[in-house]
Amino acid sequence: MCGIVGAISERDVQGILLEGLRRLEYRGYDSAGLAVIDRAGQVRRAREVGKVAVLAEVIQASPLHGATGIAHTRWATHGEPSQSNAHPHMSGDHLAIVHNGIIENYQELRDELKEAGFEFTSQTDTEVVAHLIERHYRELGSLLQAVKAAIAQLRGAYALAVVHAAEPDHLVVCRAGSPLVVGVGIGENFIASDQLALLSVTDRFLFLEEGDIADIHKDRIQVFDRAGTPAERKVVRFEHGVDSTDKGPYRHFMLKEIYEQPKVIKATMEGRVTDTRVLEQALGTEAGRLLENIRHVQIIACGTSYHAGMVARYWIEDLAGIPCSVEVASEFRYRKHVVQPDTLFLCISQSGETADTLAALRQAKQAGFRAALAICNVPGSSLVRESDLVIMTQAGPEIGVASTKAFTTQLTALLIFTLALARHNGLEAGREAEIVAAIHQLPGQVEQVLALDGEIAELSRAFMDKHHSLFLGRGALFPVALEGALKLKEISYIHAEAYPAGELKHGPLALVDSEMPVVTVAPNNDLLEKLKSNLEEVRARGGELFVFADKVAGVRSEDGIHVMQIPEVHDITAPIVYTVPLQLLAYHVAVLKGTDVDQPRNLAKSVTVE
Ligand code: G6P
């Protein structure tokens with residue numbers, strides 16, 4: 001999704017801006033651009049379709065010197081990916097703007113501005129904002145005032161950064177529905193849509209709140225809240241290691257992140273569980289009060305986070321014995337819901353900035369849910385700031401677009417939360433201790449699965465020339481099958497569908513033949529015997545099976561069945577362990593196919609627009 005970077009300094013900022021854009025590449029984009037105010041007070045701009053590297057080459061050939069600048073990676077929403085639609089957009093030759101998000105009333109504003117004589121050179125909603133600010137600038141003679149006046153007319157969700165040739169000593173930025181952080185330097189300051197973009201220049205950040213406008217000079221930052229009143233925003237230090245944006249010895253971020261899982265699962269457990277029980281207080285001082293008398297849980301999320309929510313539903317109903325509903329945020333936000341009394345609203349999001357998830361949360365607050373809990377990976381994100389209770393996953397920055405370590409740490413956090421909730425609902429201490437012991441085993445078990453990497457790489461060859469695949473699971477392993485299918489389709493572009501194995505006969509069996517690999521996650525649980533019958537149904541149709549199972553499950557490799565042996569795990573923690581081989585499978589298939597593993601086509605890491 002779109003990324004913003006900006007800088008104001010004594011020195012040339014083009015290098016800082018390009019480095020920031022490179023660090024945002026993982027979010028997905030289709031074009032990139034940069035504008036600076038040069039020493040002669042002129043706005044100079046370069047924009048290119050394609051990768052940041054293409055833009056960097058152009059700038060190397062024809063440098064853009066200047067100490068104030070803004071830059072952008074664009075993920076097309078209004079208008080195709082093209083040079084003229086790429087940001088920064090300009091009004092005349094003196095005002096430049098970059099924008100994330102969507103302006104809903106752009107068409108009527110565009111008509112108005114055209115009538116007032118402004119000429120448009122792109123199809124974007126952003127160019128409308130550029131001209132609108134310029135129109136106000138002509139009247140008010142101040143960039144800050146002009147931005148304030150313009151945004152009062154905007155409807156939608158956006159983050160903006162604006163420069164003006166007549167005022168080269170500052171940037172004006174604002175956020176309303178799209179993330180924006182200010183990086184605090186010494187004698188220089190920066191802005192970005194994601195703090196990762198600025199880690200090479202600072203580790204101190206100031207998070208703007210909804211509706212804030214900030215006036216950024218190289219030696220001072222002034223923030224105004226929604227009402228226009230000067231506001232104080234705390235400066236916080238970046239919490240994760242700076243090396244987290246480096247691939248290290250791994251070929252791709254995705255592989256590095258798969259391998260980090262034992263460490264980050266452990267980090268997510270740390271301080272939250274003893275040997276035998278969950279420390280409720282470690283979930284937040286308010287946790288006890290908020291979890292008391294919860295009678296229903298409503299989970300909302302998107303993508304991989306939604307699959308984590310689906311697993312959590314099995315846990316919540318099984319261990320806490322209270323009903324739980326799960327829904328994708330984009331559906332939830334556009335329908336009427338019946339709010340049961342004492343319902344906990346639970347949002348799961350790696351980024352904490354997914355537009356649909358945030359919109360669902362804001363709606364839920366109005367609708368009268370009892371409290372909002374967030375499971376999130378990004379400190380300071382909108383979701384974290386707007387929730388009553390937050391359980392941070394400790395995955396560290398996740399760069400690969402296809403989510404891996406975020407998912408398994410979400411599951412770890414969700415299981416810990418479930419145990420806390422279940423204790424309020426009569427979970428016996430013995431059962432809690434048994435599950436906590438299983439949680440402690442997770443890092444070691446995931447290590448054991450990672451040791452199968454070579455074998456899984458071999459297995460992946462069977463998928464290379466296939467066009468379709470089917471993933472099966474039952475119970476809490478069904479969402480794991482969904483997640484495995486999602487991983488494969490995201491990065492290898494092979495069509496992958498997941499079904500609860502019991503549904504096989506109700507349709508997908510018609511598709512099964514030797515060209516359709518069938519992947520199954522089959523831990524030794526209550527549903528194993530039923531699952532085995534489902535596997536027979538596939539075998540009888542000539543389907544080739546790839547089964548991930550433990551020794552006890554008793555499924556043996558033979559003609560048409562490839563079994564990958566997974567360590568024996570507790571029933572409850574099985575979804576976490578069984579996810580990992582499916583991540584590795586998708587990864588190796590994608591590598592064999594030669595796709596862009598970390599930045600698959602058409603996808604974005606953080607979907608901050610609807
Ligand atoms: C995008 C990403 C997915 C992610 C989903 C939800 O689609 O590509 O990996 O699962 O957004 O993102 P969130 O940050 O809310 O978990």
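Every residue gets a Cβ built from N, Cα and C, even glycine.
All TrEMBL annotations are machine predictions without curation.
Taken from TrEMBL, the feature active site, nucleophile applies to C2. In the three-state DSSP scheme, C2 (active site, nucleophile) falls into the coil class.
The domain 'Glutamine amidotransferase type-2' annotation in TrEMBL covers 2-219.
For 287-427 (among others), the entry in TrEMBL reads domain 'SIS'.
What TrEMBL lists as domain 'SIS' is 459-600 (among others).
Among the features that TrEMBL reports, active site, for Fru-6P isomerization activity is placed at K605. Taken residue by residue with DSSP, K605 (active site, for Fru-6P isomerization activity) is part of neither helix nor strand, so it is coil.
When the Cα atoms are compared, K605 (active site, for Fru-6P isomerization activity) and C2 (active site, nucleophile) turn out to be 10 Å apart.
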